[in-house]
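J.: Before we start, here is the structure in question, set down as structure tokens.
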């Protein structure tokens, strides 16, 4: 009977959700809002959404941030809705079609921006559609409806935030501190594996896990930043630690790859040193102190460059880690580390995927419009709203089909649950605000527990039930209206699910190829003598792309190794002492243009032609390096890069 069990850790958030719903309900009726349902629905969604995503009680700041995004999305949607209505009030059908395109446009943008901010754009898309559909009988009331909707949503968000603060939300700071310690130990153990040069699959698993953990730590940093302004210093340090952690992974993996061709570079001194096992961050601290003494004794020239760079990055990591844990004032040494290179933002590789999402949302909304006009069903507008909601919110997630199924299950569960409230509970409690609040608190409490378990349909059931029960001012009980609303939700979700199934997303392979070509372009762009360009920090963006590649192609080790090799080539060439002269500078610009053409090529033939041109230019570039007497630190990584591109040219050019 575990399915009905209530764990202790789930109770606090369930009470928090119930409190948010009750507060929104009380305030909505107290201020005589026309539809307090919107305030209650907003409070429930803002509070429960982060809990469903986290699989438990969300950390401090998550609910506030989601509420902030909802306010932004609502205001953008309301303004867009007003503009569309004012411009096209004389052509109602065209007005609705433009709203469908607007919803698709917002979904397209939400597919390209950071996933944390995509919620606001998805909301902006279907908010405009809700306004246009709702004011169809009385278009002159549009400004009043937009203002009322914004007011009700702001009230719901404030109630959710108040409930969150009332029940002392969890701080993520202790989790961050523990992860910093554990991550440093894991970094040292990865370097041990790479120096031993053992089983490649074990090394692949180790660095893959570290990439995921570093990405997760970056997510924790975002949560900590949302939690309170007092963590501003810790946030700055964590941002630099992210780059240092990625540097440690890169240097470790390069140490492994170097031994494939030149194992003699790693001397017995370092092999014996890294044989000592470590279990805690304190062990790593002791080993790093000893390692710095060994390097001082052997000299920088006798130390492999990857080990020297790794030790330098690990030392800086340790220094910043202590600052994060104590949250003390940033000293001069730390400030020097934090004043690092500016991070580079890379263009999204998911443009084709975003266009698929645009068509899914637009076509599903147009299909809903045709269904509404053809049937003349009074709740066709409700079906359209659900179509827009499902497609706008589902498209940005890794598995839109499962999100649509979750909504279908939720709306089906909402029918009997809403029926119970509509026919029995609310008619018998509407005369008493206390009883009405208690009845909705019970609903919020039990669904809050299920939401934290990520039960299929729980989130959809919470929103759909609140949406169909009578929480208007004044309350009117028309069974046909209730049934229409409930069935409209179900039909809308089914239509959205149908469109998601019919409009297939085949962009995965294209996205993977674009990502790999972006790695190639980054490696080529590192060959420059421009001081400002050499100081740019590409590492976070490159590993963000690698993380996306790992999510798109789980278990595809050849792709991961190729991407990692390109990242290593980029880092090595970025620091290489390339001779400074106009001849090489002009050729660097030419190679960058060719690499950009490879990424932007529309057909396989063009892509192969430009890629072949890039390989030829790399051969010429190696000859130029010999003419200008470039040192081995330059010629060797360029030769390795050219060899890798020759070896994998089919994977990088074919669809």
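Backbone N, Cα and C define each Cβ position, glycine as well.
Quick caveat, the model's predicted, so the values are computed rather than measured.
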J.: Please state if residue 285 and residue 404 fall on one side of the membrane according to Swiss-Prot.
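T.: According to Swiss-Prot, which assigns topological domains, residue 285 and residue 404 fall on opposite sides of the membrane.
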J.: At an 8 Å Cβ cut-off, counting only pairs 6 or more apart in sequence, do the transmembrane segment (121-141) and the transmembrane segment (482-502) clear the bar of 3 or more pairs?
T.: no
J.: Looking at 69-89, 93-113, 459-479, which one has the highest count of Cβ pairs under 8 angstroms to the transmembrane segment (13-33)?
T.: 459-479
J.: State the non-local partners of the transmembrane segment (482-502) in its own chain: residues 6+ outside its ends, Cβ under 8 Å from one of its Cβ atoms.
T.: 360, 363-364, 367-368, 371, 377-387, 389-391, 394, 400-401, 404-405, 407-408, 411-412, 414-415, 418-419, 422, 460, 464, 467-470
J.: The transmembrane segment (38-58) and the transmembrane segment (152-172): do they have three or more Cβ pairs under 8 Å, with pairs 6 or more apart in sequence?
T.: yes
J.: Below 8 angstroms Cβ to Cβ, which residues of this chain, lying six or more residues outside the topological domain 'Cytoplasmic' (142-151), approach it?
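T.: For the topological domain 'Cytoplasmic' (142-151), the nonlocal Cβ contacts are 33-35, 38, 74-75, 78, 81-82, 85, 127, 130-131, 134-135.
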J.: If I count Cβ-Cβ pairs under 8 A between the transmembrane segment (38-58) and each of 407-427, 431-451, 459-479, which range comes out on top?
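T.: Checked against 407-427, 431-451, 459-479; highest Cβ contact count belongs to 459-479.
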